[in-house]
Amino acid sequence: MTDQLLNLACGLFLLTAIGVLWRRELSALIALLTVQGLALTGIAAVLAVGHSTETMVVAVGVGLLKAGLLPWLLRRVLTQVPGARETAPLVNVSASMLAAAGLVLLAYVAARPLVELAPTAAAQAAPVGIAVVLIGFFLATTRRRAISQIIGVMLIDNGIAAVAFLATGGVPLVVELGVSADLLLAVLVLQVLTTRLHAAFGDTDLDELRELHD
Amino acid sequence: MTPTLALYLPIVAPLAAAGVAALLGRRTAAWVAVPAAASILAAGLWLATAVTGGRAVASGLLRGDALTTFMLIVIGAVATIACWAGVHHLADEAATGNGTPAAARRYLILVQLFLATMSLAVLADNLGLLWVAVEATTIVTAFLVGHRRSRASVEAAWKYVVLCSVGIGIALLGTVCAYATAVAAGAHGTTALNWTYLAGHTAGLDPDLTRLAMGLLLLGFGTKAGLAPMHAWLPDAHSQAPAPVSALMSGVLLSVAFYAIWRYKAITDAVLGPGYTRGVLLVAALASLAVAALLLIAQQDYKRMLAYSSIEHMGMVALGTATGSRLAITAVLLHVLGHGLGKAVAFCGAGQLLHLSGSSRIVAVRGLAARHPALAGVFGLAVVALLGLPPFSLFASEIGIARAGFTGGTAGATAVAFILVLVAFAALTRNSAGILLGAPDPVPTIDPPATDPRAGSGRPRPAAIAPLAIGLAAAAALGISLGPLGELLDSAAATIVGGH
């Protein structure tokens with residue numbers, strides 16, 4: 001039963017990452033990110049059942065941050081920067097899907113040492129986290145809107161959090177707190193910078209960033 | 001008084017100064033920043049008496065050994081120069097109507113938070129906490145890079161945050177993998193990420209996963225240390241930040257990121273042997289030196305010139321770390337201190353130059369020696385220090401890195417590296433000679449975008465030369481004799497090489 005729930009949460013987690021590559025409207029991307037945050041919370045909660053209360057606290061904290069606070073912050077960016085309704089991908093959707101498939105395969109190869117070390121059901125699913133990290137990289141490098149780069153950074157972070165939960169049952173509480181605080185601050189910084197970019201450059205198309213070069 | 005207090009002082013003093021900056025006016029707070037920075041140096045010197053010979057002071061999550069102590073001295077020394085120069089920088093900004101009181105307050109608070117996070121990074125025994133502190137430096141400095149709010153500085157801040165967040169994200173994945181290795185080897189809880197625990201239990205760590213972890217960590221912290229090919233953010237961020245912040249970012253933040261690599265290297269070399277880390281670092285070192293040498297040749301902006309010089313020096317640090325012998329690491333540590341001092345003086349001097357001329361283009365400031373001899377003197381001597389000429393300490397450390405490389409199994413790479421260093425040397429000399437002695441540009445060109453239109457009407461301040469002269473004197477003194485610092489350097493190098 002636990003294993004099935006875990007697999008369901010992991011599947012949803014990966015599916016939302018691929019959905020982020022597929023959809024173009026930014027509001028849909030933020031909705032997908034919220035669902036992914038919930039899936040991550042699900043992973044953390046399933047693993048925390050029967051363990052210490054500390055891991056349960058971490059699960060609740062992750063849920064509040066990734067499914068509540070961060071999507072809310074992104075929505076605020078969206079309202080502050082009108083005109084940025086859609087992402088402008090450099091790679092079309094079908095090529096992105098193929099790339100995603102390749103990245104998932106790559107993740108399974110790269111994560112072999114992680115799986116072999118502790119062959120539990122949870123560790124078997126750890127490549128899913130790595131795959132989401134790689135998809136995050138892909139997104140951040142192939143999209144031209146400032147807000148899609150923020151989404152890329154958040155996908156990377158969600159993926160790392162998933163690896164931490166699946167492979168090790170979660171990093172120590174003090175580290176998790178620091179990591180969450182840093183992530184929250186980083187997104188706040190990016191939010192402020194997005195509005196400043198908008199004020200300075202008019203639109204948050206990153207092709208406009210051509211002031212600095214050699 | 002116990003040395004335990006010296007572990008908390010480098011974090012508490014800047015936080016207190018940040019509080020002062022939040023409450024009091026710019027003039028007072030800017031001066032309070034100087035003793036706060038100096039107290040980091042004082043804490044380092046205080047700890048130095050307690051940690052030589054492999055001993056360490058620990059309290060809670062913090063721990064100070066010889067390597068930590070040495071890094072505190074580097075942070076404290078550079079921060080003192082940068083904060084002192086910052087007093088004049090802020091006064092200049094206020095005088096030209098270039099900064100509001102609110103901007104000055106934000107600047108002073110953020111610089112102190114920056115110092116506190118760097119101190120935390122080197123004091124943390126827990127490698128997870130080390131990651132948290134390094135990521136926190138990115139967040140704090142992002143606003144400092146974008147301080148001027150011009151198009152160029154907002155763009156630089158954006159690139160800085162995105163690239164470094166992604167880079168440091170990779171380092172987090174590496175940290176998680178290191179944690180997974182430790183957990184599989186029987187550790188649990190917070191202890192599993194303690195450096196002391198990992199360095200003492202290397203026998204049980206899984207080699208495959210350690211290799212994966214170290215690869216990710218080198219990539220992640222290497223991005224933050226400005227190593228090529230992950231250096232793209234560095235020239236933009238270092239050239240757009242206010243001069244004292246550039247001094248701190250270039251002089252110490254890069255080394256703090258490298259400090260993380262040293263800590264992990266001590267663990268992974270015991271598990272995997274030195275070959276793996278060496279190979280990766282050699283590639284990064286040669287790539288960094290090549291990028292720096294090529295882009296220094298045709299450089300037209302003197303702040304970017306100094307930024308590329310930082311990439312060059314980080315390449316040297318990577319080369320010495322790759323060699324990894326006791327001699328090499330000792331030279332690397334001395335290099336970090338010498339580069340910190342030299343680069344702090346150079347960037348603070350460049351800041352005054354920008355204030356006086358209103359442009360960061362080399363053509364706009366040619367013939368400096370005739371117009372502002374004192375400023376030309378300190379800037380010129382700082383460049384001489386960065387070129388690695390005697391009597392400054394970078395001369396001794398570069399000789400040390402070369403000697404260790406030729407005798408320690410990396411002879412081929414070292415030879416290529418020093419050819420690239422020679423190219424960088426020639427390029428930096430040519431550009432700096434133009435700034436100092438070249439004939440002034442007869443036809444003032446129309447100001448390019450890198451120029452801040454509101455600056456350029458400033459007057460030179462003789463008092464602002466004082467901190468720069470002190471920094472140069474310290475770098476020269478280190479080049480002549482290490483004095484009591486020699487023993488600390490030796491112990492710190494043993495921490496990286498020996499793993500304990």
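Even glycines carry a Cβ here, placed using N, Cα and C.
All TrEMBL annotations are machine predictions without curation.
Given the structure is predicted, the values throughout are model-derived calculations rather than measurements.
As recorded in TrEMBL:
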DOMAIN    B:124-411  domain 'NADH:quinone oxidoreductase/Mrp antiporter transmembrane'
TRANSMEM  B:6-24  transmembrane segment
TRANSMEM  B:31-54  transmembrane segment
TRANSMEM  B:66-87  transmembrane segment
TRANSMEM  B:107-124  transmembrane segment
TRANSMEM  B:130-148  transmembrane segment
TRANSMEM  B:160-185  transmembrane segment
TRANSMEM  B:212-233  transmembrane segment
TRANSMEM  B:245-264  transmembrane segment
TRANSMEM  B:276-297  transmembrane segment
TRANSMEM  B:375-396  transmembrane segment
TRANSMEM  B:408-428  transmembrane segment
TRANSMEM  B:463-482  transmembrane segment
Intrachain residues whose Cβ lies under 8 Å of the transmembrane segment (B:160-185), provided they are six or more past its termini: 127-128, 131, 134-135, 138-139, 141-142, 145, 192-193, 197-198, 201, 204-206, 209-210, 212-217, 219-224, 230, 232-233, 236-237, 260, 264, 267
Cβ contacts under 8 Å made by the transmembrane segment (B:107-124) with residues that lie 6+ beyond its boundaries: 7, 10-11, 14-15, 17-18, 21-22, 26, 29-30, 33, 36-37, 40, 61-64, 67-68, 71-72, 75, 79, 82-83, 86, 90, 99, 130, 132-134, 136-137, 140-141, 143-144, 147, 242, 244-245, 248, 252-253, 256, 259-260
Chain residues in Cβ proximity to the transmembrane segment (B:375-396) (below 8 Å; excluding those fewer than six residues from its ends, i.e. six or more beyond): 306, 309, 313, 331, 334-335, 337-339, 341-343, 345-346, 349-350, 352-353, 356, 368-369, 421, 425, 428-429, 432, 435-436, 460, 465, 468-469, 471-472, 475-476, 478-480
Cβ contacts under 8 Å made by the transmembrane segment (B:212-233) with residues that lie 6+ beyond its boundaries: 134, 138, 156, 159-160, 163-164, 166-175, 177-178, 181, 253-255, 257-258, 260-261, 264-265, 268, 272, 276-277, 280-281, 284-285, 287-288, 290-292, 310-311, 314-315, 317-318
Interface-richest range of B:245-264, B:276-297, B:408-428 toward the transmembrane segment (B:66-87), CB pairs under 8 Å: B:245-264
